[in-house]
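S.K.: The domain 'ABC transmembrane type-1' annotation in TrEMBL covers 73-270. Annotated transmembrane segment per TrEMBL: 73-101, 113-135, 155-175, 220-244, 251-271, in sequence order.
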Amino acid sequence: MALRKLIGELCLTFCIIVVISAAPGLLSSDTLDFHRFYEMVQRILYTFVHWQDATFILNTNEYKIFPDVFDHYTYMLILLGSALACSLLLAMILVIVTLLLPQFLKNAVNAVVSMLSAIPDVFFIFALQLIIIWIYRSTGILFIDPLATTFEPVYLFPIIALCIYPTLFLFQLTLQSFEDELTKPYVEFAKGKGLSYFSIFLHHIFRNTLLSLFQSFKQLFWFMLGNLLLIEYMFNIQGFMYFFRTYYSPELFAICLLFLFLTFFFFFYIAEGLLASYHRKRGLVMKGGFYD
């Protein structure tokens, strides 16, 4: 049943992607042009069947989509994966440090983070560029290249810019989860059994917090994709989102959408499967695709 459901979801999503990609054909004239729409659907399906011959047009020249799309796709995964890992690590470190502070300092940190979270992320990206340019003009040292070139992609600066908001978001969420876990009866019970605070934190609080954080990852991933589009534009990065929006054709649009969908679908499908197995061992129940 699980395999049948998986195949059904994949087939349904594939059909939706094809329909969305061919939808502009409906508006190619003053009235709904179903004939043009049907032609686009045929072209898209033909491209998926004969993917090795798929092409896109740039400046009247025709280029093969594969393997060029893989380079842009891999670059996107490196940026997103690195930014997410850095955000999670930084958020955990900041939360641990914050928990060790006196209560009045905790309140101050929470207030500062809440204020920073209210600022549009484009402001941080723009400010980061200005700071690097100012340091370069003042010292002559360019310690991070703020712009990419056609032949030399940048990694460090986009990753830093991409992980600013996720770090703030995960910090607030993780801190709240940690504080909630600390009030639960099992913490006092574990202390009564003689377990050290470090042992309780590592084997129970930290693990339970990671499980609850997973519930917000879908929202965070889509937000980071939107930010990636902005960052690629501001940093002149010819990444996957640039490839996605610049060389438009129904076939290319469908291929890019399918790549994005499969990436996140299988990531969350595998992660949810692992979490379901973990929860079954603990006698917990999965609800609505997430875990309580």
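Placement of Cβ uses the backbone N, Cα and C atoms for every residue, glycine included.
Please go over these features one by one and say how buried each is and what sits next to it.
M.R.: For the transmembrane segment (73-101), same-chain residues at least 6 beyond its ends with a Cβ under 8 Å from one of its own Cβ atoms are 109, 153, 155, 158-159, 162-163, 166-167, 169-171, 174-175, 178, 213, 220-221, 224-225, 228, 239-241, 259, 263.
Below 8 angstroms of C-beta separation, residues 68-69, 72-73, 75-76, 79-80, 83-84, 121-122, 125-126, 129, 146-150, 153-154, 157-158, 161-162, 165-166, 169-170, 252-253, 256, 259-260, 264 of the same chain, each at least six residues beyond the ends of the transmembrane segment (220-244), sit close to that stretch.
Sequence-remote contacts of a segment are chain residues at least 6 beyond its ends whose Cβ falls under 8 Å from one of its Cβ atoms, and for the transmembrane segment (251-271) they are 6, 9-10, 13-14, 17-18, 20-22, 43-44, 47-48, 51, 54, 56, 65, 69, 73, 77, 214, 217-218, 221, 225, 240, 243-244.
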